[in-house]
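Asks: First the structure, then my questions, so here it is.
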Amino acid sequence: MQNITQSWFVQGMIKATTDAWLKGWDERNGGNLTLRLDDADIAPYHDNFHQQPRYIPLSQPMPLLANTPFIVTGSGKFFRNVQLDPAANLGIVKVDSDGAGYHILWGLTNEAVPTSELPAHFLSHFERIKATNGKDRVIMHCHATNLIALTYVLENDTAVFTRQLWEGSTECLVVFPDGVGILPWMVPGTDEIGQATAQEMQKHSLVLWPFHGVFGSGPTLDETFGLIDTAEKSAQILVKVYSMSGMKQTISREELIALGQRFGVTPLASALAL
């Protein structure tokens, strides 16, 4: 019998959650992570599955996700503990044939359940599948320190925030030319914040929750982690710059245009226009 904890997807989740905790982005039970899988990924590990998988209904149907398996972090679980006990802190779930609920196939032992932000994750997966023709498979939410700090001092506007991050580090425009979506402050763990996040995910691979954290989407765990890491590095630079009396020079609009042309990306027009 193959051991599912040695699979690429469990090992990938262990690395991503451990790295995020070491970055200081996921204190206590902060943060959540989901990876969309294929049946072929989990097929070799059926002998590891629960004999009687628990069924949990969704608060709203997700027909586009019908029959789709995911590996997810658990509600109330600490990222720092995933590496110590993957089966207690992670779970593989599979949405049923009509998208009305899901079964917990593996993990989430002792009656644990998936992250409370599962509505936001599933709704965002739904939108990113459409936006990227199925390329994006990962949704990551974390409490990236400097990005959160900037939501207290910058205007919480997509164009403004995006432009500042682009100017904070040259690679940012190349990594997220589609900019950063921003929500108003909302109560977490609700369908409402999930729907608002998913709406922004139609246009952006990064979405900020002011005074709370960030959502990122990408095709792989590495790409998604790297996306957030890049934005957070720029935010860290900006926090230092603002504490040293602000910018005296920066990347100009013309230089941003040249950067986009060099790397074949189309920068968010509203941010470029500022």
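Along the chain as shown, the residues are counted starting at 1.
Cβ from N, Cα, C; glycine included.
For Glu117, the entry in Swiss-Prot reads active site, with the evidence type sequence analysis. Residues or ranges marked as Zn(2+) binding site by Swiss-Prot: His141, His143, His212.
Mind running through what each feature is packed against?
Replies: Around the Cβ of Glu117 (active site), 26 further Cβ atoms fall within 10 Å across all displayed protein chains.
In this view, His143 (Zn(2+) binding site) is surrounded by 19 other Cβ atoms within 10 Å of its Cβ, with every protein chain counted.
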Asks: Using the CB centroid of His141, His143, His212 as the Zn(2+) site centre, which other residues of the same chain sit with their CB within 8 A?
Replies: Gly30, Gly31, Cys142, Ala144, Ile148, Pro188, Trp209, Gly213, Val214, Phe215
Asks: What number of additional C-beta atoms lies within 10 angstroms of the C-beta atom of His141 (Zn(2+) binding site)?
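Replies: Within a 10 Å radius of the Cβ of His141 (Zn(2+) binding site) lie 29 other Cβ atoms.
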Asks: Nearest to Glu117 (active site) in three-dimensional space, by Cα, is which of the binding-site residues His141, His143, His212?
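Replies: Of all the candidates listed, His141 is nearest in space.
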Asks: Within the chain of His212 (Zn(2+) binding site), which residues six or more apart in sequence place their C-beta under 8 angstroms from its C-beta?
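Replies: For His212 (Zn(2+) binding site), the qualifying residues are His143, Ile148, Trp185, Pro188.
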